[in-house]
Amino acid sequence: MDIGIFIPIGNNGWLISSNAPQYMPTFELNKQIVQKAEGYGFDFALSMIKLRGFGGKTQFWEHNLESFTLMAGLAAVTSRIQLFATVATLTIPPAIAARMASTIDSISNGRFGINLVTGWQKPEYEQMGLWPGDEFFHTRYEYLAEYAQVLRDLWATGSSDFKGEHFSMQDCRVSPRPQADMKLICAGQSEAGMAFSAQYADYNFCFGKGVNTPTAFAPTAQKLLEANEKTGRNVTSCVLFMIIADDTDEAARARWEHIKDGADEEAIAWLSEKGSADKSAGSNLRQMADPTSAVNINMGTLVGSWATVARMLDEVASVPGTQGVMLTFDDFVKGVEDFGEKIQPLMTSRKHIAQLKEVV
């Protein structure tokens, strides 16, 4: 099973809590995290894009780096790990995104790919005059399909004459083309999102569900397999989990409860309010805004000792259609170290990493 890391491009990572580590995003922090991840055999690193935060006393996600430029910098200081940047498709034309990706492909020597997002948080785009109107909530995957087709055309042939409702290319050219097959990611869980991923993406990211319920996402993975049957493609699932691990189950649980006790209720309320504006929202957004565990936007959470977390991650690997997991931590630097030293060696699904190290 592949292991990736969802790097903290925004302040405080993925914890909306005053009891979690409070920090600003910097290149140096993310370089340290990704270089450590590469050293421990992580397969990929992905950065999101966020253009406006949730406010509250923790100013959650009010401070963010930009995804493509961050990953370009990380490409220059890594050598093996795959890197994915996120493009907010309302902000960057596909031909420009294609050229930016080709540039980072050159920097990374073929280790780059793109995560495509349509945008669900209206204030991010409204502040720049880029919000196309609330009807976009209903047409965004048609828009994204055209965007992806232009990217595929330009990377495959170096030119595009695509004509659609949203984009019109006239002998549009991009050269040099990427040296490696450029992978696309989407994070759809709605019916429309799944259909898009099955048609255009190489991987589909989905949320894990609940606390210590590692296989609860299985119905989502199954829906993607069913969508694949309609397109004849083999698009696999990568699942998002937060790891809260310690020497004992009790110590890990105490840390998780302490984080929840410091929840920034104002920021969480803002997330719920803005998320409700999207009446067509798929389960991803509904899950993020659910009050049950909104302190970490309701991503799946694995809490326990090193052995307990290793066992649960192996359970994730057993779900049909699962390519890998993407991990977040309360403390990213220590979390990556603890994963590499104390969790990964106990995982059956990562035995190949130990074997590779023995060969080296």
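These residue numbers are counts, starting from 1, taken along the chain as shown.
Note that Cβ sites are derived from N, Cα and C of the backbone, with glycine treated the same way.
Of the listed candidates (Ser190, Ser237, Ser272, Ser305), Swiss-Prot assigns Ser190 to the same FMN site as Ile49, Lys50, Asn115, Glu124, Arg140, Tyr141. Counting every protein chain shown, the number of other Cβ atoms lying within 10 Å of the Cβ of Ile49 (FMN binding site) is 23. Ranking the binding-site residues Asn115, Ser190 by how many other Cβ atoms lie within 10 angstroms of each Cβ puts Ser190 at the bottom. Residues within less than 8 Å, Cβ to Cβ, of Glu124 (FMN binding site) and separated from it by at least 6 positions along the same chain comprise Lys50, Leu51, Arg52, Ala88.
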